[in-house]
Each structure stands twice: as C-alpha cells, then as structure tokens.
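**Student:** Take this structure first; my questions come after.
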Amino acid sequence: MKAAFAGPLERVDSCCYRIPKSYRADMRVDGLIFANDALIESVKKDQAPDQVANVATLPGIQGASLAMPDIHWGYGFCIGGVCATDPAEGGVISPGGVGYDINCGVRLVKTNLFWDDVKHHVRSLVKGLFHTIPAGAGRGGRYKFDAVETRRLMAQGPRFVIDRDLGVPRDLTHTEADGLIPDGDPDQVSDHAVKRGAEQCGTLGSGNHFLEVQVVDSVFDADVAKAFGLELNQVCVMIHSGSRGLGYQVCDDALAAFRNCPAKYGITLPDRQLACAPAESPEGKKYIAAMRAAANYGFTNRQLLMQQAREVFAAEFGRKWEDLGMELLYDVAHNIAKLEEHVVDGKRKRVWVHRKGATRAFPAGHPELPDVYRAVGQPVIIPGDMGRASWVLVGAAGSMERTFGSTCHGAGRAMSRTAAKLQAAGRRIDKELESKGVIAMASSRMGLAEEQPAAYKNVDHVVDVVHEANLSRKVARMRPVGVIKG
Amino acid sequence: MYELFEHTADLGLRATAPNIDALFAEMAACLCAAILEDPTSVRPTIAESIEIAGTDREFLLFDWLKELLYRFDAEHQVFSRFEVSVRQDGLTATAWGEPLDPERHLLNHEVKAITYHELSVVPTDGGWRAEVIVDI
C-alpha cells in the first residue's frame, strides 16, 4: 500500500470536503468526499481520495466525482464511490464503478416477533440458519439451475423463483426496481459466468456477507418507522450478499473486453482497473446488458436466502412464516450502475449513475418508489458490523441535490484482513461476541477474525454524516443478536 | 518461490523464479495457497491441458490465473503441480490436481477475482518476479 493521500482536501461544510479540479490536469470535475472532521483523518490514510480524483477524469462525468463517508480503497473506483456520466456527452460505463460483485446489496425482513419472544430461541435459530443456508467458499446451494434455467432466471429476476413458490409476489414490490432491472440480456452473459452461477443461487458466500438476526434498539423517526412497519424491540433479519461467481465473472469478462477500449475510443486512464467504454459503444452496451442480467441474479439470490431464513423461523416457532409476519421491508442494491434522470446544472438529463458501495436513497415523492413508500421516501438499509449495529434510514431530498440520489452503504473497513487476523490471534471472536449477547457461527474461524467488529469503522459515525448532509435520515437502529457468516 | 502478502481488504500474490515458465507455475501455486489452507493436500491425479492466447505478458498471467480460478469455482477442481511454457503469443500448460473434496481440502479464502491492480511481471537480476492482487 502506498502512502497516505497528500493532495488538497478543502472543507466545503461540516460534512463535505473537496478535492478541487485544479489538483490534477486530467480531472474534468471536482471530487467531493462526504465526511466530518472526525472521519476525514481516516479517509486520508489510504489512496481512496486518489481514486476519487481518478474517477474525475472519466469522459462524460457530470457534477463531481463523489464519495460517501464509508469510503475506502477499492479497485479503480473507491468503495463508497458515486459517479454519473452522460451518454449524450460520450459518457462512459465502467465495470470498476460497479464492482466485481454486481448487485451486492442488502435486504431487511421484518417479523411480528419481539425480543422477549425470541431471546430463548436465538442459539437454536442461528444453528438452524447456519445448517440450512450454504455459506463460505466452495459450498453449493440446494437450488440447482441448469444453464437454460439460469439464463431465464436472469431475464425474470426473483419472479422466476416466486413462480416456484419460493416467495410471494409482494416480495417483488418491496425490491428495488420491482426486482427486475429492465433490458438485461442473459445472452450477453458468458457460458463461464452462467456455469459459475448455476449452483450458487441461494448461497451466502464469504467475506463480508452475512445473515443476521437483529433487534430494533432505537427509533429516531417514529412516523417513518411506522410507515416502514418497524417498532422498538421488534426482531428483523438482515441479509447481505450479491451475485456470487456469476457477477464476478461478468465483471471479469467486461474488464477483458474493455482492454482495447482506451486506445479505440481515445480515453486516457490513470489506472488500468478503471477500464471503461462509452456507454453507447458496442462494448459498453454489451456490458450494460450483462450487468443488468447479473443484477437480476443478485436479487434472486437474496430472495432465495430470505426464503430459507423464513423456513428456519417457521420450523423453530412451529408456525408458517406468513403467521410470523416475515415480510420484506426492502431490498437495495449497493453495487450497480443505473440509467436515471437527474437535474445537472439546471438541466434534466438521463445519466449513468455508478454506485459502488453506495445505496440509492430516493426521497419522498420520487416516481420510481413503490406506492407503499412514495409518501415517506425509500428505505435505505445500512449494514454495520456484527458486534455493534446496523441502520434503517430513509432517502432525503439532499441526495437528489448533491449525490445523484445516493447515500452510504455500510461501515467501511478500518483494518486490513491481515491486521484483523493478527489482532485476533489467540482470541475467540465467537466467545467475545457471545459475551456481548451475539451468537455467531461462521464456516471458518479465520473469516470471523477478519470480520470482527474492530475491523470496521463505527457505522454510527458514518450514518451521522449522511443524516447531517440530508442524503438520508435516521429511522431506526438495530443491534445484532445472531449472525451466520461464510 | 512464492508468498502471500497483505493488501488493504484483499490479498496479494507474489512469486520469483529463474525463468518465466517457472514464474507462471509459481504464481499458480500461490493462487492455490490463497484458496486452500494446505495446498499439499491436493493429490496430482488428473492432468489438465490449458492453452491461453495473448501477447501481453501481464495480461497472459492474469488470464492464466483467471482460468485456474474458474476451474476451481465452476468445475470444483483443485491443483497442486504446474508445468507452463510461455511463448510470444500465449502459453501452454499442464495442471495436475483432483476434484475438490471438502473432507480433505480445507478452504482458505474465497477468491472472487484476479485484478489488474499493481499487476506486474518484471525481469530481475536473477530471473523474474510477478505480483497480482486478488479480490477476496
């Protein structure tokens, strides 16, 4: 890792810093990093601000190259990066602005259970979840789809499995884009990707992906919480996963296909991992079609994970999941590029909004929101770490003015995996969590060490920034009580 | 000779070798060490022939590792021994291994992807050196 960021960071206001366009001759726009005085020091510690500046060089970029307060170093774009490009101005699409895990995202499932109903069941629930839901490297799922079915699944999204009684139609209306990104073309997804995805739908994966049983421990906005169906001490299930090997392969394939694009389209890139092509070029269109199909796979993966969790709860409590009120609050993508309408310099434009480790956060009244949330705004689900807290926020008007309708996506790593493992040497993270009231099961002890709470920034601090910047507002905070990990 | 090294949230693979053929074999072994807790648990019972086209040495290394990762992830094959012949326009390789057996092959990291970040294949005084970061 190279040295800390040494460039300029000008304070714009109490929750935003600017890397001015004048920092480098190749920057087309400013870089803006949402952070407060407390967080900005940690932001400077790695090359993530340089990556914000790198993104500012992309053809067709609009407004500014943006980063959310959970910013940390990523491939090409930083994690927490947001950028909008205008296809009418030669704007590019970049797989590095979406990430390897296309439509990595999070969903929150409510229950009508409260802490008192569940506290004596947590250990048994976690065991049931761990044995039912495949997690960790190399574990295939119980749902096997052949190549034809996998392609159909990408074309239809979760509807494909809901038609097989793995969920209910109302799950779709509680998923971003109604669970189907239109114009995805499974035929643009390689056979390699389809093969990687065929056995992995309905599996959690490893790394930072998890399934958590949580309890609402604070409510900050009673009206919005009521509209979302959340109340104090209520039990929820949070699921964080993505498009598994299929998505990684789609990204890989696009990076390979884009190798010659800089020369072909006269684009100068400061970092090879920023590979991109004009959104309207044949290479760009092919990636967009494949990326959208992979995104639909990601929604379906989380649908199958949710359905398995519903079954485990039903078995534990001896009641149907419907009777336990296990309704989907919302499912949001946080690694995706979408064509959206935004106002830029007073003009309404359709732009490619890349969100890499960032969550869409549309405010009340936005036409893309489902009827049930249009009056209050979009639910924004922010996973934290397995020892402290996660959050539900609601999209706020500032996101449309400042961040192309985006907000943060999580706590953000504060420690490398190696450092986390070293710090965990000789310790039992599962026992430590248990002493704090969290039952954790993981397919590898090392995974638990790498993902220990101290490896992450305090999510409360990240959420404070987006709340103050009015990108999204606090609704409720949840504490974890049970977790399964890869 | 190879080693794994720390990189932010991810993992670096690094190898040195007296010639480029051995370098590509060492980098493959290094990838297997990232995926498996104990690469020596893999018995070399099946020989797979792999051919990759490409003129750029760094992209060739990238594509070689990507192919091995694909065979692990999609075809559940693990490898422990490699012979590689690198040419101007590509490479020919034989990889020895066996089907993944979760009872005997303990998994280490889920490697999502090989990345271009700080990807390098460079001559050194005594031979060659390569580095690549993998996304985990």
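Positions of Cβ are set from backbone N, Cα and C atoms, glycine also.
These came from TrEMBL, pasted as-is:
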ACT_SITE  A:His409  active site, GMP-histidine intermediate
BINDING   A:Asp101, A:His209  Mn(2+) 1 binding site
BINDING   A:208-212, A:334-335, A:383-386, A:Ser390, A:409-412, A:Lys485  GMP binding site
BINDING   A:His240, A:His334  Mn(2+) 2 binding site
**Student:** So of A:His209, A:His409, which of the recorded positions has the fewest other Cβ atoms within 10 Å around its own Cβ?
**Tutor:** A:His209
**Student:** If you measure Cβ to Cβ, which of the binding-site residues A:Leu211, A:His334, A:Asp385 are under 8 Å from chain B?
**Tutor:** none
**Student:** Looking only at C-alpha atoms, tell me how far A:His240 (Mn(2+) 2 binding site) is from A:His209 (Mn(2+) 1 binding site), rounded to the nearest Å.
**Tutor:** 5
**Student:** If you count, for each of the binding-site residues A:Asp101, A:Asp385, the other Cβ atoms lying within 10 Å of its Cβ, which residue has the minimum?
**Tutor:** A:Asp385
**Student:** Fewest other C-beta atoms within 10 angstroms of its own C-beta: which of the binding-site residues A:Asn208, A:Asn335 fits that?
**Tutor:** A:Asn208
**Student:** For the C-alpha pair, I'd like the distance in angstrom between A:Asn335 (GMP binding site) and A:Asp101 (Mn(2+) 1 binding site), rounded off.
**Tutor:** 7
**Student:** Here's one to test understanding: among the binding-site residues A:Asp101, A:His209, A:Leu211, A:Asp385, whose C-alpha is closest in space to the C-alpha of A:His334 (Mn(2+) 2 binding site)?
**Tutor:** A:Asp101
**Student:** Does anything in the same chain, at least 6 positions from A:Gly412 (GMP binding site), have a Cβ under 8 Å from its Cβ, and if so what?
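**Tutor:** Those within reach of A:Gly412 (GMP binding site), by Cβ under 8 Å and sequence separation of 6 or more, are A:Pro69, A:Asp70, A:Ile71, A:His72, A:Ile79, A:Gly80, A:Gly357, A:Tyr456, A:Lys457, A:Val462.
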**Student:** Of all the binding-site residues here, A:His240, A:His334, which one's CB has the most other CB atoms within 10 A?
**Tutor:** A:His334
**Student:** Validating a neighbour-count step here. Other CB atoms within 10 A of the CB of A:Leu211 (GMP binding site): how many?
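**Tutor:** Its Cβ shell of radius 10 Å holds 27 other Cβ atoms.
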**Student:** Whole-number Å distance between the CA of the residue listed as 'active site, GMP-histidine intermediate' and the CA of A:His209 (Mn(2+) 1 binding site)?
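**Tutor:** Given the Cα positions, the residue listed as 'active site, GMP-histidine intermediate' is 13 Å from A:His209 (Mn(2+) 1 binding site).
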